[in-house]
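Worksheet for the structure shown next.
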Amino acid sequence: MSESQKKVIVGMSGGVDSSVSAYLLLQQGYKVEGLFMKNWEEDDGEEYCTAAADLADAQAVCDKLGIELHTVNFAAEYWDNVFELFLEEYKAGRTPNPDILCNKEIKFKAFLEFAAEDLGADYIATGHYVRRADVDGKSQLLRGLDGNKDQSYFLYTLSHEQIAQSLFPVGELEKPQVRKIAEELDLITAKKKDSTGICFIGERKFRDFLGRYLPAQPGKILTVDGEEIGTHQGLMYHTLGQRKGLGIGGTKEGSEDPWYVVDKDVENNILIVAQGHDHPRLMSVGLIAQQLHWVDREPLQGTLRCTVKTRYRQTDIPCTVTALDEDRIEVRFDEPVAAVTPGQSAVFYLGEVCLGGGIIEQRLPLQS
């Protein structure tokens, strides 16, 4: 079967990137259909970008492009495989990244299986800003062409088999080009702002939302010198490097420099803060990562020189990675790095290629 006869199911989110992805695939001659995923049941009535509005936008785009739109409900899978783990991590005092888990369990597992088995798809496609390259019979994950929008950080858990079944049409474009195409086609999503917030749950007041599922446990805020200067409403609401929302100003005798979260003592429910965004207690010389996943290669043995990101949109950090065992590695940065956060992902690169990554188990502090 020629590529042009192959069937692609595009994950239609109701946003501009998936809208333009569907159009580009039609232009390339594929047989294109859309799929809208509903992954969250509860509606709190807030006037945020609701699933109903997104579905209406996705339907309007599909109507305009002349393609069929299917819908599917993955709420049970989302709850069991993403949200419960998300809550467990917060309960343990870590800061998880639900988007990474969501891509792993929903968009490139539940969606991929449903598209292939129920809809007869040869490929799925999404509006992610990444590229793929097929090298020696394996599909590699590459950064998106638009450095500002590159989303490979969120897709490091994909296998080369999953990437081989996936197409990323906007990964070859820059965001302004994508918006321009949508405007020229007069798509309803052309000027729609990019979604933020928790994957599939949307833009909510995070503290209120989390408080519904996890009871808040107020505790002390201590300085690095052990001085008590305030009360926090729950460690889960705070992450390393955080400045806003601490509710503390300068101390009477001290400077007026802003306070930053530098550590969390989960056992004693204490939030530890220091003044200055580059305080030594906030800096790390490396990290230990676990739950490793390598996209298209065997588990690391020995050492590797590469770059790493410990959060999205961070500048690449040159580092040396050493295998501790099959599922744990030690990463040493060339220069100290601020706000390395347990629970987040460390993602590794060689040039344009995303090698894989793991969950940050602990940071190796510059100063303890």
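Don't overthink the numbers, they just go from 1 along the chain as shown.
A Cβ is built for glycine as well, from the same backbone N, Cα and C atoms used for every other residue.
Here is what Swiss-Prot says about this protein:
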type: BINDING; residues: Gly11, Met12, Ser13, Gly14, Gly15, Val16, Asp17, Ser18, Met37, Gly127; note: ATP binding site
type: DISULFID; residues: Cys102-Cys199; note: disulfide bond
type: ACT_SITE; residues: Cys102; note: active site, nucleophile
type: SITE; residues: His128; note: site 'Interaction with tRNA'
type: ACT_SITE; residues: Cys199; note: active site, cysteine persulfide intermediate
type: SITE; residues: Gln344; note: site 'Interaction with tRNA'
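Swiss-Prot feature annotations superimposed on the structure.
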{"residue": "Gly11", "record": "ATP binding site", "Cβ within 10 Å": "24"}
{"residue": "Ser13", "record": "ATP binding site", "Cβ within 10 Å": "23"}
{"residue": "Gly15", "record": "ATP binding site", "Cβ within 10 Å": "21"}
{"residue": "Asp17", "record": "ATP binding site", "Cβ within 10 Å": "26"}
{"residue": "Met37", "record": "ATP binding site", "Cβ within 10 Å": "25"}
{"residue": "Cys102", "record": "disulfide bond", "Cβ within 10 Å": "23"}
{"residue": "His128", "record": "site 'Interaction with tRNA'", "Cβ within 10 Å": "26"}
{"residue": "Gln344", "record": "site 'Interaction with tRNA'", "Cβ within 10 Å": "24"}
Just the number: how many Å between the Cα atoms of Met37 (ATP binding site) and His128 (site 'Interaction with tRNA')?
16
Please name which of the recorded positions listed here, Cys102, His128, Gln344, is nearest in space to Gly11 (ATP binding site), Cα against Cα.
His128
In the three-state scheme derived from DSSP, which category covers Met37 (ATP binding site)?
strand
Roughly how many Å separate the Cα of Gly15 (ATP binding site) from that of His128 (site 'Interaction with tRNA'), to the nearest whole number?
11
Could you state the CA-to-CA distance between Cys102 (disulfide bond) and Ser13 (ATP binding site) to the nearest Å?
14
I'm trying to understand the geometry here, so how far is the Cα atom of Asp17 (ATP binding site) from the Cα atom of His128 (site 'Interaction with tRNA'), in Å to the nearest whole number?
7
Compute the C-alpha separation of Gln344 (site 'Interaction with tRNA') from Ser13 (ATP binding site), stating it in Å without decimals.
25
Helix, strand or coil: which one is Asp17 (ATP binding site) in, per DSSP?
helix
Hey, how far is Ser13 (ATP binding site) from His128 (site 'Interaction with tRNA'), Cα to Cα, in Å?
11
Reduce the DSSP letter at Cys102 (disulfide bond) to three states and note it down.
helix
